[in-house]
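*Asks:* I'd like to ask some things about the structure below.
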Amino acid sequence: MPHTQRQQVGSRGQCSSSCPRLLILVLLSFTAQPCQTAIHIPSNFKRPPMIITQPESVTVFSVEDLVMSCEASGNPQPIFHWTKDGKKFDPSSDPDLRVTEDPGSFAFYMHSSTMEPLKQYQGKYVCYASNDLGTAVSNEAILNIDAPPSQQKERKVNVKSEEGSSIVLKCNPPQSSMEPIIHWMDWRLHHIQLSKRVMVGKDGNLYFAHLTSKDSRDDYTCNVQYLATRTILAKEPITLTVNPSNALLRNRRPHMMRPTGLRSEYHALRGQTIELECIVQGLPTPEVSWVRKDGELSESRTVKTMFDRRLRFSNISESDSGEYQCISENSQGKTVHTYTLTVEAAPYWTKEPLSQLYAPGETVRLDCQADGIPNPTISWTINGIPISETDKDPRRTLTASGSLILNDVDFGDTAIYQCRASNKYGTILTNTNVYVIELPPQILTEDGNTYTFTEGQKALLECETFGSPKPKVIWEKGSMSSLLADPRVNPLTDGGLEITNVTKNDEGFYTCAILNTNLSVTAELEVFNRTVILSPPQNLKVQPETTAIFTCLAFVDSNLSPPLIQWRKNDKKLFESHSDEKYTFEGQDLIIANVEADDEGVYTCQVITKLDMAEASGTLTLCDRPDPPVLLQISDSKRRAVTLSWTPGDDHNAPVQEYVVEYEDQGSKERGWEELKRVRGDEVRASLPLWPYISYRFRVIAINDVGKSDPSKSSEIHNTLAEAPDKNPEDVRSESMDPDTLVITWEQMDKRDFNGPKFKYRVMWRRVVGSGPDWHMNYTTTPPFIVNSISNFSAFEIKVQAVNEKGEGPEADPVIGYSGEDVPLEAPMNVGVVLMNSTTIKVTWGAVDRETVRGHLLGYKIYLTRLGPRGHHRGRRAQELESILITETGPNEEKKVISDLRPYSHYTLVVSVYNKKGEGPPSEMLSFKTEEGVPGPPMSLTLDSPSETEMTLHWMPPSQPNGILIGYLLQYQQVTESDDSPMQVETIDDPTVTHLTLKGLDRHSHYRFYLRGRTAAGDGELIMRKGATTLDGAPPSNISLSMGENSVNFSWVARKRHRNVPFQIHYLNKNDGSKWKKTEKVNSSQSFYQLQGLTPGSEYHLQIIYNNSTHWEKSIQTEGTEVTAVQPSFATQGWFIGLVSAIVLLLLILLILCFIKRSKGGKYSVKDKEEGPMDSEARPMKDETFGEYRSLESDLEEKRTASQPSLCEESKLCSQDNLDFNGSSAITTELNMDESLASQISRPSEVHEGFHALPDNSSFNPTSVSPATNGMPNSVTILD
């Protein structure tokens, strides 16, 4: 049985990561894990022995192979002795063995050169290393003796079999303790090609699922390789003859070849590698799949090999026990084989005792626990001697769980204790040192160490102590007494302190002290930001021969030196290319040039600092257009359908999204290839609809994300039979343009719809009335078809039918068509106009006789021409002729409401009827005038503030007064957050006024100003401006200076809304004793001024003078060292500045006088209170009757001189809450029939609320104008 052994030592727990030290300590450790198995003892103390090189099990094939060695350490040097099969064995006394013994090592090997003595040394060997402190025991090493495999004499084998049958070629490798490796080869030493049909079994045999004629050969050679002896044995070649079958090969369902039967059982040990094998025969070759009946297959520990015929388990565990099935199937059926896999385990440790130092009187507990299947038994030995064979000691106790307890230990208990765990699969052993000693405490870690980590790491602060009994350590951080209350903080048994997931808050100084002593050390913890990859490499799909760029952007703590960016491909380090420039590193980018298939893989970016590392990966996949499909096949042919199938080409790592099936009509190759159908990318067949009488050839194109494939090779030709047409032409209609002709036309049918030879159209027609049931008939091959010598605009039934050699298409449905139209003969009669308001009219007319239309009546056209504003001279009106407005109506309309006319304008109107051929004659011209309307907005509105509480508004009159302007309405209000400040109103009755000054405004507020023009029809559209008054200004005080050699730059921030203030800068050179100088006037709104002509390296005193007083002053020093005389410029002379100041002052006085004079001359009356604007359409006529005619001049004169009351004073329509009222109401209008007369509007004293429109039967009858014989209106007719 195999044995394993380990020696666990430590200092009452796991040591820290800094176990190796160049101090007075000696590290006693087992070679496998030195850091976790050490007792630290000063060098002048004795140390127990420790096996550091175990003897190894070996199979001996020759005398040179017999070597058994053992190495151990300790102070004093250990002495070695051996046992063989549990009995003492002294290699030194055997004359056939040679011994090599050095300090710390012992080895023996074969001295004889013959094989005969070897068999006596077969057995199990154990090495013991002893000194004054105890005996360490090695694991068992098994020595086996075996003869090397040899070539056996064989006869040549000839095998014959039928084509399609299965067969097994035997290998029969020689028996040996070694696992052979089998190679089936030919006489050229080329491997036999293996496949799903031909494969090698685990027994070395060559299995054929079925034979083909190509399998015949005479050199099937099995080569057996043994790695341990470096031997290859070639078996005798086998001749296989496959007789061809004269009959059709019969397919066979799958059948198991190895293993046979329905079930098999396998046993394995935990950690081993095992393979389940499933070799099947059948025709065609079966496909094999693996399933686990009681769960899922482990993806990490299982892999399928040998063309899925083997299922390999690596590092198998107990959880892999269960039932597995191999399912093999072909077109003839399937077979299932079930494998019962049982996994057991040799002993393995779950808890091992630790080697430690103890003080006299302590209690020692050595916990030893192991697991395995079956459960192992635990036993103890002391210095290699079973406890049962030692003197009984009441201080020793064995627990049921396998622990050994030593109470009240003394120096005599120092020894090496061995714990063994055994079951039927083997034994494991571990050595544990118990060293009873007294030593004073000491701290071995240096004081003042600094530990640096990044956030999220595990911080380890060292405090290594020594002493027996083990010193007790406490940790503190500043004044924090609850350091261990944090669950992230963990004190280690070796005295260190562990902080998991360290953060910035953990930074600071920590103190480690030994309890009840004055021994302590201090450690500083620094925590840096961890390295983070902000922009990881992305997964790339690129085309061949292009460039791929991976980008890796990372954040690194500023306290750390620049990181190393290391790129890896499939975990292998990349280096920058210099010869072929394949890989180029540019900062955070990896550039891969001329990408090829070998460049595919996983690329990892590693950002490495001295403290941590961050990494991220992206894949590079080579993709390209797909290869075209191949092997196009036509099947399932029907009358008008066929199935096309194909085999997909390589998609080049970009899945095919869809296939496009195209066809070519061999009889119309000029049309080229046309698309017939598209199918999804996961389909490999398509049912294609076909047309009759077409010779088809098909091809397929594959499409993926990169692009389209080349077209596949075309299929064989497929012809469809001719049939009668199954459809008629569409959109049959008449397009007769000329009188006396009937033009019948239709949409030309696609040639694919002809369905057969000798295709033509059958055209049929007859009159709707008076011609009887008989149809006129004719044939043509193309549209249109023209019938001549018939009357104008007559109705016909027409139809067109498709015909070919095989028959007629379906019965065609007749449609109504007409012969050619002619222009209408008559104009509409009884044309009238009803004025709805100042911008809307209603036009009426009488319907025309349909017979006179001579075609389809499409409707009526109304032509409106604006001649200009009302009351203007005839010649001027002609100069202002505007564009004509054309309005079209439907064929059944006899009235039309037309809106958006210009108020206060002169219009003419005519009406005509039209059909497809054109328009008929116009009606007699009708003239009318629209009433006054409200004006449009003023053309402009500007704001000017003469003082902090005054605002002057300037405006220009409206560009469209839409009547006679009688004044303006000004409204304004303060701008507040709630927007609820009261509205102030100023009424201006003089239309010539274009400015107004408002006084008493709040200097701290902004205002909105609304201005409207006014006519007799009401208040017009508004124009709005927002503004505030200008505040009194002052010279700047927050001045920034920038000195040069000969100049000083003054800069300041000009205050908004403040008036410009002129000031002067006075300056004095303190170095040359000159007098004060001053600049020209500077404006406070400039924000910048440069004072020039200064002396370099001189001290100056600067002042800002405003109103003869000093507003600001400061001393400065110009740059430079040389002093040069600066000639004063012309602009800085005193007389020049005084002259300019006088001129500016004179101009300012003249402007003020002009402004005062203009303000006094523009007086007007202002209403104390105006309740609101009035809409232009809310003007009912006085007494509901027409007023008298008055001349325009007298009307204007009256409006200029008469004192008229405000509309709002006499009407309930106006109120303070209704300033923006925009309702409409019908008005009664008197229409002037003479250019020298103007209408007068009378206003009623009261209008009812909600009066917005007149019903048709209202007594407020709108006027209508009828045409007179001379073309001008001369009477008024009241229309209902």
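Cβ coordinates come from backbone N, Cα and C, glycine included.
Checked TrEMBL, it gives:
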COMPBIAS  724-736  compositional bias 'Basic and acidic residues'
COMPBIAS  1165-1184  compositional bias 'Basic and acidic residues'
DOMAIN    49-144  domain 'Ig-like'
DOMAIN    148-239  domain 'Ig-like'
DOMAIN    254-342  domain 'Ig-like'
DOMAIN    347-435  domain 'Ig-like'
DOMAIN    441-528  domain 'Ig-like'
DOMAIN    530-621  domain 'Ig-like'
DOMAIN    628-723  domain 'Fibronectin type-III'
DOMAIN    728-822  domain 'Fibronectin type-III'
DOMAIN    827-933  domain 'Fibronectin type-III'
DOMAIN    937-1033  domain 'Fibronectin type-III'
DOMAIN    1035-1129  domain 'Fibronectin type-III'
REGION    709-737  region 'Disordered'
REGION    1164-1184  region 'Disordered'
REGION    1260-1280  region 'Disordered'
SIGNAL    1-37  signal peptide
TRANSMEM  1135-1156  transmembrane segment
*Asks:* Taking residues 6+ outside the compositional bias 'Basic and acidic residues' (724-736), which of them lie with a CB under 8 Å of any CB in it?
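*Replies:* For the compositional bias 'Basic and acidic residues' (724-736), the far contacts come to 742-749, 753-756, 759, 761, 783-784, 796, 798-804, 806-810, 812, 815, 817-821.
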*Asks:* Determine which residues of the chain contact the transmembrane segment (1135-1156) at the Cβ level, with the cut-off under 8 Å and only residues 6 or more beyond its ends counted.
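*Replies:* Distant contacts of the transmembrane segment (1135-1156): 946, 1078, 1080-1081.
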*Asks:* So, taking each listed stretch (254-342, 347-435, 441-528, 530-621, 1035-1129) in turn and counting its Cβ pairs to the domain 'Ig-like' (148-239) that are under 8 angstroms, which one gives the highest count?
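*Replies:* Ranking 254-342, 347-435, 441-528, 530-621, 1035-1129 by Cβ pairs under 8 Å to the domain 'Ig-like' (148-239) puts 254-342 first.
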*Asks:* So are the domain 'Ig-like' (347-435) and the domain 'Ig-like' (530-621) touching or not, going by 3+ C-beta pairs under 8 A with a sequence gap of 6 or more?
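*Replies:* Since fewer than 3 Cβ pairs under 8 Å link them, the domain 'Ig-like' (347-435) and the domain 'Ig-like' (530-621) do not come into contact.
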*Asks:* Check the domain 'Fibronectin type-III' (1035-1129) for me and report the mean pLDDT.
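*Replies:* A mean pLDDT of 85 is what the predicted model shows over the domain 'Fibronectin type-III' (1035-1129).
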*Asks:* By DSSP, how many residues in the domain 'Ig-like' (254-342) are helix, how many strand, and how many coil?
*Replies:* 3 helix, 54 strand, 32 coil
